[in-house]
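Feature list (source: Swiss-Prot):
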BINDING   122, 126, 132  Zn(2+) binding site
REGION    164-191  region 'Disordered'
COMPBIAS  176-191  compositional bias 'Basic and acidic residues'
């Protein structure tokens, strides 16, 4: 798996190694072809706000945006990078805003590192065609997101690696409804 990280945010506390690790773990668990590529870019509030209005027609900053190279259907095989005959090698781009994520982490009672890991897994799922526009999609995507994130922490422990303690608070592994409540506290998120 080739994952490039670019930090254009100017924000302290962004752990490049951790974000590449969680992204690689999530994509590996989803059987994505090991030759697949993606990029994670950390940007500032102005940049994410500009992208948000340009691509989503929504004003203000947000936490994460994903730009898949190809439109994929979750679980489908034709043309996917995890198909027997590998599809496109470039999955796309995940754009994170650490400054916005810090606001969410503070409101949720956990670290910036955990919030960025959660947002990275969320972005990976979007790159693979998952979405949360319906209640059924929300349930599937947030369930898978939380499972992957929790399993990643277990994998880290098994490897003897620790980027930050696994949070145990009620907002650490939110379902869609819990995340919607957090978005009311920190307007603009909306993962």
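Glycine is treated like the rest: Cβ placed from N, Cα and C.
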(message) Please identify which of 122, 132 has the densest Cβ environment, defined as other Cβ atoms within 10 Å, among these binding-site residues.
(response) 122
(message) For the region 'Disordered' (164-191), give me same-chain residues lying six or more residues beyond its boundaries with a C-beta closer than 8 angstroms to one of its C-beta atoms, as numbers and ranges.
(response) 18, 52, 58, 60-64, 100, 103-104, 107-111, 113-114, 118-119, 122, 132, 135, 138-139, 141-143, 146, 149-150, 153, 157
(request) With H, G and I counted as helix, E and B as strand and the rest as coil, say where DSSP puts residue 126 (Zn(2+) binding site). (result) helix
(request) For the region 'Disordered' (164-191), give the DSSP counts of helix residues, strand residues and coil residues. (result) 10 helix, 0 strand, 18 coil
